[in-house]
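Undergrad: Take a look at what TrEMBL says about it:
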type     : residues                       : note
ACT_SITE : Cys2                           : active site, for GATase activity
DOMAIN   : 2-185                          : domain 'Glutamine amidotransferase type-2'
BINDING  : Asp98                          : L-glutamine binding site
BINDING  : Leu231, Ile267, Ser341, Gly342 : ATP binding site
SITE     : Glu343                         : site 'Important for beta-aspartyl-AMP intermediate formation'
Amino acid sequence: MCGILAVFGCVDNSQSKRSRIIELSRRLRHRGPDWSGLHCHDNCYLAHQRLAIVDPASGDQPLYNEDKTVVVTVNGEIYNHRKLREKLTSHQFRTGSDCEVIAHLYEEYGEEFVDMLDGMFSFVLLDTGDKSFIAARDAIGITPLYMGWGLDGSVWFASEMKALSDDCERFISFPPGHIYSSKQGGLRRWYNPPWFLEHIPSTPYDPLVLREAFEKAVIKRLMTDVPFGVLLSGGLDSSLVAAVASRYLVESEAACQWGSQLHTFCIGLKGSPDLKAAREVADYLRTRHHEFYFTVQEGIDALEEVIYHIETYDVTTIRASTPMFLMSRKIKSLGVKMVLSGEGSDEIFGGYLYFHKAPNKEELHQETCRKIKSLHLYDCLRANKSTSAWGVEARVPFLDKEFINLAMNIDPQWKMIRPDLGRIEKWVLRNAFDDEQKPYLPKHILYRQKEQFSDGVGYSWIDGLKDHANQQVTDSMLSHASFVYPENTPTTKEAYYYRTIFERFFPKNPARSTVPGGPSIACSTAKAVEWDAAWSKNLDPSGRAALGVHEAAYEEAVQAKNVTVMNGPQQKIQGTVENTATVA
């Protein structure tokens, strides 16, 4: 991941303003420690802090078209850049960077080229011919981007809030799947898939098509000129990423440079569920596995730095970001600059434990849509900023644009949790990779119960955070929370503690408004809390809040059919799915 900062329309375009832009850009240097670049044109500035993943030798930014009349600064990766270059044979490329295609696509197609990009990206582009500019963010918001406005009429864009919060009177999180055009004067959606409107799809489930789409998503993310690996928790999602990457690595260009043995990484408290499961998966896949340990106290000591980097006070995000932040530092120390991760699967397939209470397929589908739409405020934010804090890039194959569109077009009846049919959460994904002839994973890993990352690293981690917060926040402080923090008022001492740290770094009202609020149970949206009346009395963001629901959902089925989760589903892939008539 790189860091971008762009400012347009400054009243002051003196040397002091240039120095200020450089100073603010340095706040993003952790995102891109490999090179710094700046382009100035009258009162327009485009700054870049580069993390070199593709073409480290010549891909420094900002990037340009042939005559340098189009300037672009990009954070992210364009996986289909070679195919796009084939459409641009009349253009001359200066570098091997995947991001250079953006400047030439704009020349060729104008502002309507963004949907041609396959990747994760945030970019800002300046057309010096008329001093117009555009900014855009990828479909899901995998890469962060903020937009702000100065009192002098200037418009700002930055990868992180910390680069514009001091100089902007107002700023927002740039919405995913949108483009901002100075010519048209506002934001508009460029990503408009059918699922976004939450219409209920009816496409039959085809496990082989789903499997092939995910394999394609992983393979394209092996595009790298630097050492890389996979974040492996031992749960289904990260294990599938590792299994596919390991299977196809030998055929990739990356293997020619870095070898065909995949590196995997896991972190946890000693004795944690994730460490044990990850080791088993790594042994099965024969990866070069790296285990990292942390203590509760080490995590607590890192909290202030974590909140500064991830720029949120959301409790679940902070709980999960801290071990990921600590792990990323260890990964960087090994010389690794890019990792694949399993974010997004639970949102797409209804994998969180509270989905056991989904009353019907319509509400399940609508909840998955809501979850995907808010990923940029939660898991994408965590995965990107926790790793970027140490100059490591996280790639997320489950959030591949083509894969999401395919997976979200499956009739949601197949995603319903049906113990009577032996279907646990994310059954459609598990079943797609349940290959008897060439197994991807051991059966009990393929059907391992869902663990949230903050739980899986060790249950005492969350307990330790709560105990520490109880020591820092008094009953009186919490009782007056609505007066101190009238917006998104914290309801627990842990939430209050995180909020106080956040406010020290980001005291402006626009900053606190970038963080979502509302009731949640085990990572649900506020709407899903309505699925069970008892949940409103126990709004715990931890997955453990729904664990009893999870276990109860299977108890009856196990007694009736003598089927266990570890034995997997009744159906296997045989080219087509059988027993379709039994689906409710």
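Keep in mind that glycine also has a Cβ here, set from the backbone N, Cα and C atoms.
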Undergrad: Sorted by position, what residues of the same chain at least six away from Ser341 (ATP binding site) have a C-beta under 8 A from it?
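TA: Ser341 (ATP binding site) has long-range Cβ partners Val230, Leu231, Ser238, Val241, Ala383, Ala394, Arg395, Val396.
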Undergrad: Counting across all protein chains shown, how many other Cβ atoms sit within 10 Å of the Cβ of Asp98 (L-glutamine binding site)?
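TA: Result for Asp98 (L-glutamine binding site): 25 neighbouring Cβ atoms inside 10 Å.
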Undergrad: Excluding near sequence neighbours, so keeping only residues 6 or more apart in the same chain, what lies with its CB under 8 A of Ile267 (ATP binding site)?
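TA: Within the chain, Ile267 (ATP binding site) has Cβ neighbours under 8 Å at Asp274, Leu275, Glu291, Phe292, Tyr293, Phe294, Pro323, Met324, Leu326, Met327, Lys330, Val457.
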Undergrad: What is the separation, in Å, between the Cα atoms of Asp98 (L-glutamine binding site) and Glu343 (site 'Important for beta-aspartyl-AMP intermediate formation')?
TA: 23
Undergrad: Measuring CB to CB from Glu343 (site 'Important for beta-aspartyl-AMP intermediate formation'), give everything in the same chain under 8 Å that is also at least six residues away in sequence.
TA: Asp237, Leu375, Asp379, Cys380, Ala383, Ala394, Val396, Phe398, Leu399
Undergrad: Max CA to CA distance in Å over the ATP-binding set Leu231, Ile267, Ser341, Gly342?
TA: 15
Undergrad: What's the CA to CA span in angstrom from the residue listed as 'active site, for GATase activity' over to Gly342 (ATP binding site)?
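TA: With distance taken Cα to Cα, Gly342 (ATP binding site) is 21 Å from the residue listed as 'active site, for GATase activity'.
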Undergrad: Please list residues from the chain of Gly342 (ATP binding site) whose Cβ is under 8 angstroms from its Cβ, counting only those at least six apart in sequence.
TA: Leu231, Ser233, Gly235, Leu236, Asp237, Ser238, Ser239, Leu240, Val241, Val396, Phe398
Undergrad: Among all protein chains shown, how many Cβ atoms are found within 10 Å of the Cβ of the residue listed as 'active site, for GATase activity', not counting that one?
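TA: Looking across every protein chain shown, the total is 28.
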